[in-house]
Amino acid sequence: MRFSLRSVSHCGCRVGTLSCTRAVNDGENKEVETPLCTLYTKKGSAPYLSVDMLKRIEKLPPIVNMHLSSLADYTEALNKFQHGVGQFTALQDFLVYISVHDTGIEIPSGYNTKAGTAVWNKAGKKLIEPQQFVKCQEAFRPTFYQALSDSDTDKNSGKKRAMKAVDRTLDFLDTILELHKKSERLRDVGVFGSVEGGFHEEARMRSARETAARNVDGFVIEGFYAQNEKNKQIDVEEIKDLCNKVFKILPEEKPRLMHAVWSPDQVVMALELGIDVFDSCYPWLVTERGGALVFSFQYHNNSENEREARSTDGFEISLKDKSMFEDFGAPVPGCSCYTCQNFTRSYIHHLLNTSELLAPVLLMIHNFHHYFEFFESLRSSLKTDQFLKLKTLILEQRPSQEPPK
């Protein structure tokens with residue numbers, strides 16, 4: 001894996017190219033542009049969507065994010081299959097990134113140990129040790145993966161707990177890198193090290209220095225919010241100063257990835273911090289609460305008349321709302337997605353109220369489409385030096401209050 005940093009804007013946004021070699025398919029090489037988001041999945045599949053329905057969505061990310069927590073129980077089957085989790089899940093056209101946890105689920109706190117990290121699925125808790133973790137990756141054969149880590153910290157964690165998280169994560173990383181080096185199956189697979197330390201500067205700086213000194217291909221920035229805080233939406237302002245100090249230590253020529261519930265306003269602010277890769281859990285959460293993304297990212301048309309005509313609903317609307325009962329317009333007028341071209345707000349409102357399975361399918365198609373188009377607009381704005389226009393447009397649409405859970 002190789003990352004080429006092409007430019008850094010005056011506001012701190014990074015534009016680059018990530019060159020990845022598939023661990024399967026004869027080592028095919030693929031280049032992707034950053035910044036980008038990955039494709040969020042549940043147990044290796046896009047939520048609610050078959051592969052055929054997924055292909056109806058435009059501007060799909062080239063990288064799919066799967067999770068150790070949901071795949072660990074299938075290690076034996078994948079090991080016998082021998083062609084990797086991408087082909088196993090019919091997503092062989094994507095590059096595959098394996099993270100430790102699923103951003104969209106609540107994870108009980110206090111179960112990580114010095115021996116390994118606790119992951120959770122429907123069967124309950126499973127403690128994954130470094131040796132077992134590497135065997136999982138050999139079976140999954142991803143393009144790159146996040147090394148095992150202890151990210152169970154938040155701003156209420158004491159310095160001792162933050163330091164313990166750093167120590168454990170570094171110990172896991174050292175063992176994993178040693179085993180990775182000996183594995184023939186993982187020869188072309190990238191490893192991302194995790195930068196931990198909660199909100200404690202000393203712990204963060206140590207984690208950044210030590211992780212950067214290891215032979216990793218990139219960095220996952222985490223440990224700011226414990227995953228027992230269900231659907232915790234990140235506040236970039238809260239972590240801005242600490243991240244700036246961390247990024248001065250990390251080498252510029254390696255990508256930075258961060259898992260969070262990324263609403264559009266937080267994405268544009270995180271880009272200015274220097275984050276390269278995001279996840280796309282946010283559209284799924286909007287779908288789960290019966291919402292449709294409606295925010296505008298057409299910065300070319302940000303005239304006074306356009307601003308007056310723009311929706312005042314914030315980033316999303318609730319199609320469960322009674323006002324949708326007789327609204328026969330498209331969920332988002334002018335949107336080119338399959339849902340908006342073929343169905344109305346009133347119809348989806350009916351599907352939601354009757355708990356029809358088609359409701360989340362249609363919403364997921366639209367919300368993924370809208371979010372991925374947003375990232376395409378971000379990349380375009382950076383290439384044409386129009387990012388500040390897009391940022392202003394997004395921040396103008398911030399909701400006055402948080403959406404319902």
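Glycine too: its Cβ is placed from the backbone N, Cα and C atoms.
Features of the protein shown, as given by TrEMBL:
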- 13-399: domain 'tRNA-guanine(15) transglycosylase-like' (DOMAIN)
- C335, C337, C340, H366: Zn(2+) binding site (BINDING)
Apart from the site residues C335, C337, C340, H366, the 8 Å Cβ neighbourhood of the Zn(2+) centroid comprises A292, A330, P331, V332, S336, Y338, T339, Q341, I365, H369, H370
Around C337 (Zn(2+) binding site), how many other C-beta atoms are within 10 angstroms of its C-beta?
22
C335 (Zn(2+) binding site) has its Cβ surrounded, within 10 angstroms, by a count of other Cβ atoms equal to 18
Listed in sequence order, residues with CB under 8 A of C340 (Zn(2+) binding site) and six or more positions away:
A330, P331, V332, P333, G334, H366
I'd like the number of other C-beta atoms within 10 A of the C-beta of H366 (Zn(2+) binding site), please.
29
Summarise the model's confidence over the domain 'tRNA-guanine(15) transglycosylase-like' (13-399) as a mean pLDDT value.
93
